[in-house]
Amino acid sequence: MLSNNKHKNDKVLKIFSSIRCLNKDQFPRYMDGRLTDIEKHLVEQHLADCDLCYNALLALEKEDDQDKYQDLTYKLQRFVRNSIQPVSHVQKVAQYTRKEKAKEHLLLYFWLLAFIGLGIGSVYVLEGHIRNQPPPVRYVAAVTPSREPSAAETSTPAPAATPPVVTPVNNTQPEVSTPNPIQLPDAPLATTTATTTTPGSVPVDSAAIKKAAALKAQQRKATADSLARIRRAQMLQNQQDSVRREAEKAKEAEKNKKEKEEEEKKSQKQENTTETNPEPAKKETPPPAALNSDEYLYKAAMGFQQQGNYGEAIDRYRKLESVSSGRYQEMARYQIAVCYRSKGQMGKARRMFREVVRMDGAMKNSAQLALDAM
Amino acid sequence: MQQQLTNLSDKELISRARRQNDREAEGVLMERYSHLLVAVTMPQLHKDSSLDPSTIFPVLLQRLSASLKTQTIYKASEWILHIQKGFLGKPEKNTPFYPSREVRDLLHIENLVDKATNNVIDSNELMLRLEQAMDRLHDEEKTLLKQFYLENKSFADLSAITGQPRDKVRAQLKSAKGKLAKLFMNQGYVK
């Protein structure tokens, strides 16, 4: 019962099954009754719905001349093929060319955009490069400070000329170094004038530009060399000064000693001759000698400190500290602390400053300040 | 390409001819219906001897081609018959084609049946609804439909049973199917 029902149900759906229109061969076969039962039923199902096919069937059934129908159908099909195929071929070609053109256009736009982007980028980079490059005015600026040290060089020999103790080697070096910075400013000026005159007379030439660039490079090198030389000369000068001072102090000390000896001799003579007030004379002379030696040691150490030779300076100060007492000891200790501080040994520096503070002398306040600042 | 297109359905060919302006698809569609067009036009050619098939068919094809791109087509056969009749009846007037409501309903139900073939639940529901719609038909129509579709009787058998000519039997069948489709479509509103 159930299966029977299902069978019936299935067939209900058949009412609305879609069937294609009859083809060219099906018509004569249907009319002649050459179709199978199933095929015939399907054709009739379609004929029940489709007016076109049913009208065609009626017309064909009435038609006596079947050959005419076949001929006309063949002709129409050929016409359709002939009229549409070339058109479709032309269409395809047109579509292809359109696509190709679109591709070309896209490529063109892409390259255009890429070039524009590159151009903008390169301009930006160039601008940045130019901005970062030192302007040509700086040549003058670079030369002018070189003059200052040269002036300093020229001025320094004046005090150096007064003291007679100057080694000949030291004297020659600044003389050799001084002419260079003076000559150098002239060279870039000359080249700048040359470069300024060339564009007017000769059109822009790559060789000329290269030459100018080479000249500029040379000038730069020369200025850099001169600056280095000046620095070296300054350092040497400082060393000379310190050595000179030391020598002066040594001489002074010797003179003092000689004077003392002479005085002692004189006093001994005087004692010998007249034994009156020997003590005050003795008391007066030794402190200045001690002071002088302390001062000399202190200054020598100071010189090393100024040169940046902190180790040597500290050694000197230590000697001074061990030898002298009072003010110079305190100062030496303070300077040792300063040296340690500038060397970066903060612990030692702090300790020394504390010692200075503990000594409770004239440097107490400054030591305390330095301690606070550390 | 031609071979591939011949396997496509009418709907696909029409959409290709419209959207992609594919003349080849259009050609395949015309070729598919060319024998029917010739067969339908033959009586007119016999009646009016002034009609020249070499001029009539190209013009007819042009008209079909023009209407293909502009008008809504549910069933190609209905559309071709409408254009052919309009052209031969009033050649000077370009009668536009409007698909009938019945044909649209039929097409809708055909699509539903097509989809339901692979789905048991859908097909069962569809069968139930169809049977319900069938119950509302007149007995004569119901028996006619049952005899033709369920019992596989031919036009000749039916005309022998009813004593009516084939044309009338076919017309009765068509109207009964149309009614069934209408009832089926209106079931949703009746519920």
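Cβ coordinates come from backbone N, Cα and C, glycine included.
These features come from TrEMBL:
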- A:148-159: compositional bias 'Low complexity' (COMPBIAS)
- A:242-269: compositional bias 'Basic and acidic residues' (COMPBIAS)
- A:270-279: compositional bias 'Low complexity' (COMPBIAS)
- A:25-53: domain 'Putative zinc-finger' (DOMAIN)
- A:143-203: region 'Disordered' (REGION)
- A:236-291: region 'Disordered' (REGION)
- A:106-126: transmembrane segment (TRANSMEM)
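The DSSP breakdown of the domain 'Putative zinc-finger' (A:25-53), given as helix, strand and coil counts, is 23 helix, 0 strand, 6 coil. Each residue in the domain 'Putative zinc-finger' (A:25-53) has a pLDDT score, and their mean in this model is 90. In the compositional bias 'Basic and acidic residues' (A:242-269), helix, strand and coil residues by DSSP number 28 helix, 0 strand, 0 coil.
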